[in-house]
């Protein structure tokens, strides 16, 4: 950007680094830029469909003052400020594959609007650079040309403004800024330095021309822009702004004007402090402001008395420093206090979650029994006097809170019908829990009819599973453990592999005595058969020969199974270690180069293409085993379509592809794959539905489930970036190894297998390159095969691509338990219950921890993003449990009966 560089180095400009606060997504950052306040983290959800901004803002103040505002660009502005612009043209910001049209739609208005005189403020929001980052990353060859395009546009705007200044009474101001930065992967939403540091450039002929060497840009807060622009435009500062005036921008003004501007800023912050802090007079910032205000009064008296300029200047500098110190402390105090928490709504939600968790824990013995019963006694609690008393009490509390609440409460803003329904739900859950506790207490008091005591004891694997689950839950109270949660899961699955290795050794070496006993019994039976003279026509020597051959082949097969079983945990450990090298994640080591960065660089496209092709072939080999012939053909064509799609958008190359071939959107290729995905899933669903009608046909149901799983694997392969395809290959490979060499031979029960699936699903979430930061969400996956933004498909595809690891392992668990005919009929019920309980415990504990740590320093940058991930994971877990219940043949028979 040569022209902008020249303005920064030698022009009449001021350049800064503006620090944005998380979440670094568009809508919250626009709110911060225009209001000077800190948006809530829920704005990440609101970002999908921005509501009207009712808060006091720079745009509202400008409109009230009669300023004529024109806007072109991201339609988020139009949604936030729908009636504030005299002219606007919005473009959708969510269709990331569009690099050019979104910017052309803005630039095409420039030549006309720059010649006009009927506007006061012109806002342009370009999206092309952001979209390139999402799709191709910050090192894409498309970034350079896009920056050159932006440089030419800024040059055109600046020269046009300069040409008008002879006629205008006041100088124009050009502000170049960004709503957020970009991570090393091209995404944003987190709190890394690359995401929160944004450029901020003021260009105006009112500034003095730069001379001398360029200094390092000063670090300011992004929220400071609202206060600075308000002062510069002669507008009141927004009521809820906690930003400070950027002093270098007004340093060309007289001392009297500078002090007046700083006093206006300080007065606005002190008023905001009084509205939010009861004991505001004791706040250090307020005390500093009052001292500065008093010194300012003394300076004005000296100024009016026309005292000596040197004394006046020294006192003015002193007052200036006092104001700046007061503004800094006031802003810091307000940033901690302005975050208003809706504690009533939070407590209602937490109560429901804890009641559900407690009910799950009380049902644990019966749910994991041989009958797999999850009994919820409804009739007696719901018609009891206690239920109505609790419901009446909660409704009374609700009325008192909502009528006396000074601040806005979400739970009070919803309709009374929904509120009463929630109160009834809480009351019902409470009565059900009390009823269940009463039954347990009565059963313990009654003498046991069966004196047989269970001799079941805990194995080392059970102790490890319990310790690992509790250890992970406790680790959620530390911000560092949340930032590096992938390390916890990597450690747990590695330890699990070692524990499984011990179980395999015990199975094959310590249990050999039973094999010897079986061999002795077999030989004795043969000897008895020889000694008895029955069946003279039988050729005994021939039988001996065949028996020896059978015994030899059985021993060889047994020996090969033993050594393959012993090697399987170590093969899994090697696979996990390779996956850790593919994607660096977390915070501490995310900046370090990994194999994924090496593959995605433009110099290694051939290597990436070869790896992607091999991975797709391996996926076909590992998945097609349990599919029908039609599904195998569809799978092969779908995988070929995936490679064609990646070649079409320029990620990989065909051997015969020309290097200068234009990169397309690959819409046709992606939709070609979607046809096969839907076809395979439809075929599997048809078989499953048929098996539900014919309850005895379990083989059809198993085939259908495996075909649904195969269709989801094909969808994941389409949405994954090419360098992440090995993650899918290793996922399928580990599942195959554990099925054949660990779970089936060692006869683990359904609960243990469920926990192993859950652990590996969590680990593969991080193997994909995900973390607890919003920045690692691959937004580009939501637009595969779409030529414009369609909200529901985009959300579904992005969610599936992000949680593909846990989702595929959960569906594999369902397929495995269904296909194991030798297992107890309650295995499906055990698996469903354990999966629900495994995720309910950490979620419930984490919600309590976050509530207690709501004033923690890292509540917005670390704890809140994790809470959003957990919330989405709860929805996925609920969907999986519903699918489990629907596929449980035992439950289906109960419903039919």
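Each residue, glycine too, has its Cβ placed from N, Cα and C.
Curation does not apply to TrEMBL; its annotations are automatic.
From a predicted model like this one, the values you see are computed outputs, not experimental measurements.
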### Message
Looking at 233-262, 263-292, 293-322, 413-442, which stretch does TrEMBL describe as transmembrane segment?
### Response
413-442
### Query
Do the transmembrane segment (867-887) and the transmembrane segment (382-401) share at least 3 Cβ pairs closer than 8 Å, excluding pairs fewer than 6 residues apart in sequence?
no
### Selected stretch (most C-beta pairs under 8 A with the transmembrane segment (635-654)) from 343-362, 413-442, 666-683, 704-720, 789-811
666-683
### Query
Between the transmembrane segment (343-362) and the transmembrane segment (832-855), do 3 or more CB pairs sit under 8 angstroms, pairs being 6 or more residues apart?
yes
### Task
Mind checking which residues of the chain, 6+ beyond the ends of the transmembrane segment (704-720), have their Cβ under 8 Å from one of its Cβ atoms?
616, 619, 623-624, 626-628, 631, 635, 638-639, 642, 645, 670, 673-674, 676-681, 683-691, 727-728, 732, 768, 778, 781, 784, 797, 800-801, 804, 807-808, 811-812, 814-815, 818-819, 887
### Task
Report, as numbers and ranges, every residue of the chain located at least six residues beyond the transmembrane segment (726-743) whose Cβ falls under 8 Å of a Cβ in that stretch; write 'none' if there are none.
500, 504, 561, 564-565, 568-569, 571-572, 575-576, 578-579, 582-583, 611, 615, 618-619, 622-623, 713, 716-717, 720, 753, 756, 760, 764, 767-768, 804-805, 808-809, 812, 816
### Query
Who are the chain neighbours of the transmembrane segment (382-401) in space, where the CB to CB distance is under 8 Å and they lie at least 6 residues beyond its ends?
344, 409, 411-412, 419-420, 423-424, 426-428, 430-431, 434
